Amino acid sequence: MPRLIPREWTIVGVLTTDLAAALALGLPSDWWRALLAVFAFFVHLTTFSALFEQASRRAVSAPLLLANALPYIPALFNMPAPVLASLLALAAAVLLAAAGGRVRTPVGYVAGLALYSSLVMPMRALLGPPAPGEYAVYAAYVSYFTSFALYVESRLAFRSLDPTAPLLLWLPSAAYVAALNPLTAVALAEPTYLLVDNYLRHKKVSTVDEIRRMGRRILASSLLFTALLIAAYKAGSRLI
């Protein structure tokens, strides 16, 4: 029987950060809008394990997919077409990975994490139309989680992913956001250092304890990154 709360700390952390970031950027808002965002969060949290188990068997339940999509109907009117297109493309990539039996591969993990971190945008749109400058924040946010999914895969001893991959994904978005708002450099500094250091040293981890320690460090870093990024956006929103 699938677990109600995922055992994967990564998904719990990403979804929690999605909700926190959406509320931090979208409040104050109508109370019912905030409740919709919280409801969407709990739907994702409680259906992930079932979806993941089904996808691992190359079979995904249409009702479960629909349950994850329905809370965002009110957000459709608050998101630009390119954002909707990118979310649909990510969802399609995850479904293709599931259909090809690649959910438990680096491709599946990275595509899945990219999709789940992108949910910050529809969660935020449930609270009302995002300001144009917020999309630079989302670009850095999604790039961060996707880059560090690649970072983890490159560090695992049983994977052969080149450490160049996370760095190449991260640097363009980091440079773009820093150019728009120099205050974000504070938030961007640590992840840039970690990815460059991984590229130069590329130290592998192999034991369960090492992997868990790495995961805890990344979780703590992601919370700090998100808080600093949002603070920089709010402080320097006139520059974006």
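From the backbone N, Cα and C atoms, a Cβ is placed for every residue, glycine too.
For 9-28 (among others), the entry in TrEMBL reads transmembrane segment.
The transmembrane segment annotation in TrEMBL covers 34-52 (among others).
For the transmembrane segment (83-100), same-chain residues at least 6 beyond its ends with a Cβ under 8 Å from one of its own Cβ atoms are 54-56, 58, 60, 76, 107-108, 111-112, 114-115, 118, 121-122, 135. The feature transmembrane segment is assigned by TrEMBL to 83-100 (among others).
Annotation comment: TrEMBL describes 107-123 (among others) as transmembrane segment.
Annotation comment: TrEMBL describes 135-152 (among others) as transmembrane segment.
The transmembrane segment annotation in TrEMBL covers 164-189 (among others).
Same-chain residues lying 6+ beyond the ends of the transmembrane segment (218-236) with a Cβ under 8 Å from its Cβ atoms: 9-10, 13-14, 17, 20-21, 24-25, 133-134, 136-137, 140-141, 144-145, 148, 151-152, 181-184, 186-188, 190-191, 194. If you look up TrEMBL, you'll see 218-236 (among others) marked as transmembrane segment.
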Are the transmembrane segment (9-28) and the transmembrane segment (164-189) close, by which I mean at least 3 Cβ pairs under 8 Å that are 6+ residues apart in sequence?
no
